[in-house]
Amino acid sequence: MTNMSWSFLTRLLEEIHNHSTFVGKVWLTVLVVFRIVLTAVGGESIYSDEQSKFTCNTRQPGCDNVCYDAFAPLSHVRFWVFQIVVISTPSVMYLGYAVHRLARASEQERRRALRRRPGTRRLPRAQLPPPPPGWPDTTDLGEAEPILALEEDEDEEPGAPEGPGEDTEEERAEDVAAKGGGGDGKTVVTPGPAGQHDGRRRIQREGLMRVYVAQLVVRAAFEVAFLVGQYLLYGFEVPPFFACSRQPCPHVVDCFVSRPTEKTVFLLVMYVVSCLCLLLNLCEMAHLGLGSAQDAVRGRRGASAAGPGPTPRPPPCAFPAAAAGLACPPDYSLVVRAAERARAHDQNLANLALQALRDGAAVAAVSADRDSPPCAGLNATSRGAPRVGGLASGTGSATSGGTVGEQSRPGAQEQLATKPRAGSEKGSTGSRDGKATVWI
């Protein structure tokens, strides 16, 4: 076998080792050591002379070949090689599916990371869906804002990873446990439940559990089929001689087998290896079933112990829809740009501040009118009369101006007490001259 073939086989075994449980790794070790190596090294040397040393007590040409065909319809070594190939086929197919799925997942994660990266990309107007009846047109929403992030929920399973570079401590522990150690060649033992699942939770997180169980079932079925076929072909013992009566043998002849005891021991060893592989398959299926059941029980206990969760967040259309006078259809949420919502909030604050200033000014004016003393010398009727601006005569204006000036000086009440008659006469004189006069 060339170096390229050995390197390909090594990479293949490493990939199978990385995507299997602990019991699966033991099965792989048994397959490589006790089947491939034992068949290639021991079986080839033991069964190398199985036909050349198979002799019959006759000289009839062709009798030896016919009798050997009756003794071993299929060579032991070739039967075991075919068994190894068929039993390894489900694992190889599972590995191909796992590599393909992980490659697609990594490509999707890379694209999702590029979408999550901040940028200045804008959504084209042509790709926007038409608004429902009664909703504002999307073209009137103003200039498009830069897209900072896009959230995608597609192709995400219950245990899937959140994003690139966001592996939890449990996932990092699983990766270290799957690799089998650190860079210095020492085995890293991860304490806690993260280091005890032996790849089972990693297979669940990658979404490969169903395919893994299916290949286990197919592999176990192949093991049972080859065990039955080996028993029907060879039994449990290689006999030292074989009686043959086929044509062209002239009569019943005795044929003798080379090293029958050694071949019997090797045949029994291969039976044991096949039974061990079948047992490992059954143990692995039981391990997966019990582990999944334990995880389900722990999840229920954790959910019951956690109690009620946090208060759910209100839908995003509660405030913007009420402010804009819109109503959200069923199962829909109204999304409003952050800039428009901020501008609306600032406008509301400005309106509230202006209204507060107006209310304060009105209250101050009312309180000032209530606290000011009434003008002395004027009766209630003249104080309550409405004032007409711009129509008072010069005499009336002077009189009113003098009255206001006198109110501001001390002793104004005594001076006003001596002037009401003169003021009345002046007002009468002004009315005689035909000028409009207003009594204040």
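Glycine is treated like the rest: Cβ placed from N, Cα and C.
Membrane topology as recorded by Swiss-Prot puts R11 and Q215 together on one face. Summed and averaged per residue, pLDDT over the topological domain 'Cytoplasmic' (286-440) gives 57. Within its own chain, the topological domain 'Extracellular' (43-78) is flanked in space by residues 233-234, 242, 244, 246-250, 253-259, 262-263, 266-267, which lie at least six positions past its ends and keep a Cβ under 8 Å from the stretch. Sequence-remote contacts of a segment are chain residues at least 6 beyond its ends whose Cβ falls under 8 Å from one of its Cβ atoms, and for the topological domain 'Extracellular' (245-264) they are 46-47, 49-50, 53-58, 60-64, 66-68, 70-71, 76, 236-239.
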